[in-house]
Amino acid sequence: MPKDNSAPSTPTSARARHRRRSNEFPADESKTNGHLLLVNDHNKYRSMWIRACSSLWMLGFFLLVIYLGHLYVLAMVVIIQIFMARELFNLLRKSHEDKHLPGFRLLNWLVSRLIKYQMVICYFSYIAGFMWFILTLKKKMYKYQFGQFAWTHMILIVVFTQSAFTVANIFEGIFWFLLPASLIAVNDVAAYFFGFFFGKTPLIKISPKKTWEGFIGASVATTISAFVLANIYGSFQWLTCPRKDLSTGWLHCDPGPLFKPEYYPLLPWLPWTEIAILPVQWHALWLGLFASIIAPFGGFFASGFKRAFKIKDFGDSIPGHGGLTDRMDCQMVMAVFAYIYHQSFVVPQDYTVETIMSEILSSLTLEEQQILYMKLGQILQERMFGWD
């Protein structure tokens, strides 16, 4: 009688197989692109309903966090970082090898949370993690350990380093976080619906459901939305005022010239004689163009990444969307561009009396402005008496 060598199935292995099956990429999806388009998907309306419900509760939660202020937005970004890092770590972690490396998973956890935004603490924490890694090297496990070490650095670059720019944008004013994030969301939704109803021409092989119709339609919708949303967001001081600390109080500041309307005359035969446009709306157009043309390549990169590991999604935490990494791939690219653009073209490079006064009015409280006024008066008096 032939001997049965198969091991008995355990609940743990059954759960592992279920996770693999639910997250595996179908084998025949890489053969052709045409039948994967949304217009040819027979279950597309059910999928759209699930995505819509998930999007609505995410939108509600996001608006609540924005209303609560800078500190809560920062907390949301940190939580998203943790879940994204968890999803990425799970791709390569091998539990049967981790059992032979006590403390090695804790090392990954420590290194992946080094984004403290204070350079000295971050550096010495990294050095401590590096030394720990060297001390935990184990014979016959070198290849796996160094692979995990490289994987940890990739996550630091892709997730945490780019998220540092997101946090910097938040403290420059929620406007500079909310507008880029909104443009990515608008582009994603517009691309989905244009592809859903009109998509016929595949755009790129590594992401078979993306179409030229969705890409072009989303680009137009995103650019228009950028101009309109900048006007709406720019009218709220709560969004435009920078935050210099971790307090949660309501913000009041001088909006600065970027958020003060300029009036342009219209043609005489129109019912309106002039139109009010915020200067920041012209900057928003560049953000909209980047969000619609360049940022989607972050999603294409994520699609190729998932195909390399033969998975459909990074996780299953958001019904109809996958994991948080699936939703944040383009946001990471956009956050870096928004920060670089703001520092290069929005923050004044040449300091004049007007720019200094604008910075004082927007960054200092009334009490701090009074203290500055008194000290400037003392300095001017000392100089005047010194010259006499």
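These residue numbers are counts, starting from 1, taken along the chain as shown.
Cβ from N, Cα, C; glycine included.
TrEMBL lists transmembrane segment for one of the ranges 211-233, 257-279, namely 211-233. Your range for transmembrane segment, going by TrEMBL and the list 149-168, 369-388, is 149-168. Only residues 6 or more beyond the boundaries of the transmembrane segment (174-199), in the same chain, are considered here, and those with a CB under 8 A from a CB of the stretch are 37-39, 44, 48, 51, 55, 66, 69-70, 73, 166, 209-211, 213-219, 221-222, 225-226, 229-230, 233-234, 238-240, 280, 284, 287-288, 291-292, 295-296, 330-331, 334-335, 337-339, 342.
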